[in-house]
Amino acid sequence: MHCFPCFSSPKNKKSSTTNETNDNNEPKPDDRRRAEETEEIEQSEGTSLKIFTFRELATATKNFRQECLLGEGGFGRVYKGTLKSTGQVVAVKQLDKHGLHGNKEFQAEVLSLGQLDHPNLVKLIGYCADGDQRLLVYDYISGGSLQDHLHEPKADSDPMDWTTRMQIAYAAAQGLDYLHDKANPPVIYRDLKASNILLDDDFSPKLSDFGLHKLGPGTGDKMMALSSRVMGTYGYSAPEYTRGGNLTLKSDVYSFGVVLLELITGRRALDTTRPNDEQNLVSWAQPIFRDPKRYPDMADPVLENKFSERGLNQAVAIASMCVQEEASARPLISDVMVALSFLSMPTEDGIPTTVPILSFKDKSMSIALSRHDSNLVSPPPELATEDDKSSTSSGEESSLESEKESVSKNEYKKKHEEEDSSMESDDESDSNSEHEKDQPPKPIDEKNQAQSLKIKYRYSWEDIDVNDERLSSKSSQKSNDESTSSRYDSDRDQDEKGKEEEEEEEAEEKHTHIEHIDSSKTDDDQSVYFDNDDDSGDDNGGSLHRIKSDVAIDSIKE
């Protein structure tokens, strides 16, 4: 009687234990799945990402019907769907099953993507990791892709004008710059192309289909992806990536340059309907890059030349830098973004209303743009310092010249007291030399824009300073000479008044002078020297003047 309760109690305890575990002492699949979902929810609490079941997304896309297919990329297919719970229209990307990440690895990457938030990136709103299914849910962009508007426009739609194209390029560069410089860790796009740039109703671009790859060690443009699988699109992929799978941030810059060329030319990156030498857009454009006169021929014919020639030259220069063969020769996307900010500005008659001073991290971009337009490059700060120094030095030199002139005036006066005829000849020679020196310098020809930049920022600043110094010194010397000559005239008048007194004294001392002259005939040159008593060695004074003795004797006899 008492045995039944005793045996029944242990039996019930054992049965409850078998319900929790299987024969191998492991949790049942339902419990394991419930635990994983709980862990996913806990990890997703820090983000705004939603977790969807496969059934929800299958219902939203009508079981992934062909009519809902939006496109197919390197990572899978994209379907248009409507969430039954909220009525929101979304884009569901069903990733390929080969090479699938584990659930935790996939979740970690998706959570990292969920933290990326920029106006020019398509927003990730949720994901699904149900069994072997891996799906991403994005906001739906209704305007279509850049490829549709450029290469497959609707019959009733107008072609994009030049300003709109440059604004799209600038905004796309902003999104790519966010992935390269702002995201942590940096994200390599890997497959940037016109079909992955989506446009909303306002033609604002949003980059899509980026980022499902871990990034390896490294910094800056040396950041490399771990995956060795080449996922890019031929025509957009950088040469180093196509040849050896070497993927860096500069690989994205190359792809962006191809997209920019598409916006400029209206051609596809790869068009098999064209002649063999024109099928690849970059190969066709490379020879034209070397001849700026052919740049207008690159413009999309549908633009009907309604663009600024200067803007076209700048855009082509930027694109040529981006598609360089060597990755190290390409600019940073941040520099590309800064350069495009100028081209995307509102214009009046093809000229921007305001001209910014551009600042680049890499000098190569500044050099490339300066070859086409001097308005984008400001004079180096060193030139301003040199100008200040030259003005100061010119002031010092002018003061020195004035001092020299004051000294020369005294000497000038002494010379004119002794010899009138020699000074008259000197005045004539000085006036002739001054007339030759006062000829103005030839003006600098800045009609050629490409040449004016070189003249303005390398040579003309120094030449103008030197010419200004010479002109200022010449003018000061001329004014000093005029004042000296006026003073000499007054002194000569005084000398004439005292001439009569000197003649009387000379008459009294006539005999003494004759004796002095006779004694001087013993010299070799038979001459008398008058010394100015100045040992300074200056060219303007201190020289010895000679008067022939026979002339002096004749004057005395008279």
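Note that Cβ sites are derived from N, Cα and C of the backbone, with glycine treated the same way.
Feature annotation from Swiss-Prot assigns region 'Disordered' to 1-45 (among others).
Positions annotated as compositional bias 'Low complexity' by Swiss-Prot: 15-24 (among others).
The annotation compositional bias 'Basic and acidic residues' is assigned in Swiss-Prot to 25-36 (among others).
Per Swiss-Prot, phosphothreonine is recorded for T53 (among others), and the stated evidence type is similarity to another entry. A coil conformation is recorded for T53 (phosphothreonine) in the three-state DSSP classification, outside any helix or strand.
What Swiss-Prot lists as domain 'Protein kinase' is 64-343, and the listing cites sequence analysis.
With a cut-off of 8 Å between CB atoms and residues at least 6 apart in sequence, the same chain places V90, A91, V92, K93, V122, K123, L124, I125, S208 near Y138 (phosphotyrosine), listed in sequence order. Residues or ranges marked as phosphotyrosine in Swiss-Prot (evidence: similarity to another entry): Y138 (among others).
DSSP assigns D191 (active site, proton acceptor) to coil in the three-state reduction, placing it in neither a helix nor a strand. Here Swiss-Prot flags D191 as active site, proton acceptor, drawing on sequence analysis.
Around T233 (phosphothreonine), a 10 Å sphere centred on its CB holds 19 further CB atoms from the protein chains shown. In the three-state DSSP scheme, T233 (phosphothreonine) is classed as coil. Annotated phosphothreonine per Swiss-Prot: T233 (among others), in sequence order.
Under the three-state DSSP scheme, Y241 (phosphotyrosine) falls in the helix class. Taken from Swiss-Prot, the feature phosphotyrosine applies to Y241 (among others).
The region 'Disordered' annotation in Swiss-Prot covers 372-558 (among others).
Taken from Swiss-Prot, the feature compositional bias 'Basic and acidic residues' covers 401-418 (among others).
Swiss-Prot lists 419-431 with the feature compositional bias 'Acidic residues'.
Under the heading compositional bias 'Basic and acidic residues', Swiss-Prot lists 432-448 (among others).
According to Swiss-Prot, the compositional bias 'Low complexity' annotation covers 473-486 (among others).
Residues annotated as compositional bias 'Basic and acidic residues' in Swiss-Prot: 488-500 (among others).
Among the features that Swiss-Prot reports, compositional bias 'Basic and acidic residues' is placed at 508-524 (among others).
Taking T53, T233, Y241 as the modified residues under consideration, the smallest Cα distance to D191 (active site, proton acceptor) is found for T233. Distance between Cα atoms for Y241 (phosphotyrosine) and T53 (phosphothreonine): 36 Å, as a whole number. The Cβ of T53 (phosphothreonine) lies under 8 Å from the Cβ of C128, D130, each of these being in the same chain and 6 or more residues away along the sequence.
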